[in-house]
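Undergrad: For reference, TrEMBL lists these features for the protein:
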{"type": "ACT_SITE", "residues": "C409", "note": "active site, nucleophile"}
{"type": "ACT_SITE", "residues": "C409", "note": "active site"}
{"type": "BINDING", "residues": "Q284, Y313, E334, D382", "note": "S-adenosyl-L-methionine binding site"}
{"type": "DOMAIN", "residues": "2-60", "note": "domain 'TRAM'"}
Amino acid sequence: MMYQKNQIIELNITSLTSDGDGVGRAGEMVFFVPNTAVGDTIRAKVLKVKKNVGFARVEEIITPSPDRIVTDCPVSFSCGGCVYRHISYEAECRAKRQKVIDAVTRIGKLDAQLVHDIIPSKNIDGYRNKAMIPVGLNRNGEVVMGYYARHSHHIMHCLCCQLSPPIFNDIIEDVYAFLRHRPSLVYTPQNRRGIRHIYLRYAETTGDVMFCVVAGSRHFDDDASLFYSLTEKYKQIKSIILNVNAEDTNVILGKRSYTVHGDGFITDTLCGLRFEIAPEAFYQINRTQAESLYAKAKEYAGLSGKETLIDLYCGAGTIGLSMADQCSELIGVEIIPEAIENAKRNASHNGVRNARFICGDASQAAEELRKKGIRPDVVVVDPPRKGLTPELIDTIVRMSPDRVVYVSCDPATMARDLQLFTEQNYSVKEITPVDMFPRTSHIETVVLMSQDGSR
C-alpha cells in the first residue's frame, strides 16, 4: 500500500530508535514517530514518505503504553533536550541499555551478554551543571530566550528547564527581565554586537556559579548594569566572563574571552579532587554520575600502583587524575591548549606529582610516545563522538597495553572501534552503560578490553 503525506494511520509502537523515536509498522512500511512509547497504540499523521520508511507525528493515543507517564514540562514534546520525559525512568534505562546492545551486536559483532545492567543516575532532574541559552528576536522583534526546538535552530521561549539546577532558572528569568525591554542588546546579523548566548556553569560541591555572556563584540550597551545587578543578587556568581563571537557559525564560544568579575573560573570537587572549571574546560555535566563513571573506569583499569597509564583525550585531566594515586606514572594527551594548562593546574592543586600532560593530536602524540619506547600497562581513551581513528587504534595495539579502557559517548562509533580492536589481538571483556544524561537520548559507556590470554 502506498502512503501519502497527511494520511492518518494506526500504528503499534514496538521499539525505539537510538534517538528515542518510536517505531511502528504499517504493512511493509516502517514509520518513525517521536514522543511515543513501546506498547503505545496510536493514530498518527504521515509527514514524509520515502521508499521503505516514513515519518509521522502522534495525533491521538488510542491505548497508552504501561511505560507512559504524564510529562511535567510544557515544551518537552518540541524541545530538543528531553526525548524520554513521557516515559518512566525504568523504561528509559531499558531503552538506553538496548541502544548499547544494538550497537555492539550489529556493528561490533559482539555478544549481547557482555553488556551489564545500566548504572542509573542518582538524580533524574537538576543534574546539569552547564547550560547554553540562546538569545534572539522573534518575528515581531521581541526578545526570546530558551532552548532550540528539536532538529532546528528555532529558539523556543522557555525560561525554566527541569534538568538544570534551580539557580540557573532564576538567573535566566532575571536576564530575560533585563533584556525584555532592551531588544537592541540582542545580537542580530545586522548589528553583530549584542548578546547571542547566556552560558552558565555550576560547581555542585561549592555552589559557585559562572555566568558567561557570548556577544558579538567586547562591549554592548548596559553591560555593566547587567553584570552589577546579577552579582548583587546572586552571591554564588563567583566569575563573570564575556566571550566574543562575531562569526557566522554554529559554534557557540568564540576564541576571545575576558574576565569581567572574579578569577575566570569556578572550583568543584570530583572524586575527592579539586578542579578548576574555566569557560572552555571539559567537565562532566552530571558531577555525581561522573563519579560513578570514573569509579567503573578505575575498576576496569585494574591498577596496583606500579603501572604506567596513558590517558588519551584527557581534557582537564579528570579521569587520569582520579587514578593517579594508583599508578606509577600518568601521561595525559589533549589537543586543546587551554585544557592542558587546566590539567596541569589541577594536578598541581591536588599535589599529583606523577603526572605529565602533552598538548597534541592523540594519534600523533601516541605514536611519538611509542617511538620513545613508552610501553603503557593501561590506556584510557575518552574520545569525542566521532570515536577513534584507525591509525590511533593501530598505535595503541602496537604499544601493547595489558588493558584498554574505552569511555564512549556514542555507542555506534564505539562499537565500530571495538571491532577493530578485536581484529588485533584484543578481547572485549565487559561493557557497562552509565546514564549520565537522564531524559535525553544520550548514554555513556565504559568498556574493558585486554590482550587475548590476559584478564
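In case you wondered, yes, glycine gets a Cβ from its N, Cα and C as well.
Whatever TrEMBL says is automated annotation, not expert-curated.
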Undergrad: Which value in Å gives the longest Cα to Cα span across the S-adenosyl-L-methionine site residues Q284, Y313, E334, D382 as recorded?
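TA: Pairwise Cα check on Q284, Y313, E334, D382 gives a maximum of 16 Å.
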Undergrad: Any idea what the Cα distance is from Y313 (S-adenosyl-L-methionine binding site) over to C409 (active site, nucleophile), rounded to a whole Å?
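TA: Pair distance, Cα basis, whole Å: 13 Å.
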Undergrad: Quick check: which same-chain residues outside Q284, Y313, E334, D382 lie with their CB within 8 A of the centre of the S-adenosyl-L-methionine site CB atoms?
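TA: Residues close to the S-adenosyl-L-methionine site, other than Q284, Y313, E334, D382: F282, D311, C314, G315, T318, I319, P383, V407.
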Undergrad: Could you check which of these binding-site residues, Q284, E334, D382, sit within 10 Å of C409 (active site, nucleophile), going Cα to Cα?
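TA: Hits: D382.
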Undergrad: If you draw a 10 Å sphere on the Cβ of C409 (active site, nucleophile), how many other Cβ atoms land inside?
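TA: Looking across every protein chain shown, the total is 17.
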Undergrad: Please report the DSSP secondary structure of D382 (S-adenosyl-L-methionine binding site), reduced to three states.
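TA: DSSP assigns D382 (S-adenosyl-L-methionine binding site) to coil.
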Undergrad: So which of the binding-site residues is most packed in, judged by how many other Cβ atoms lie within 10 Å of its Cβ, out of Q284, Y313, E334, D382?
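TA: Top count of Cβ atoms within 10 Å goes to E334.
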Undergrad: Averaged across the domain 'TRAM' (2-60), what pLDDT does the model get? Just tell me the whole number, please.
TA: 96
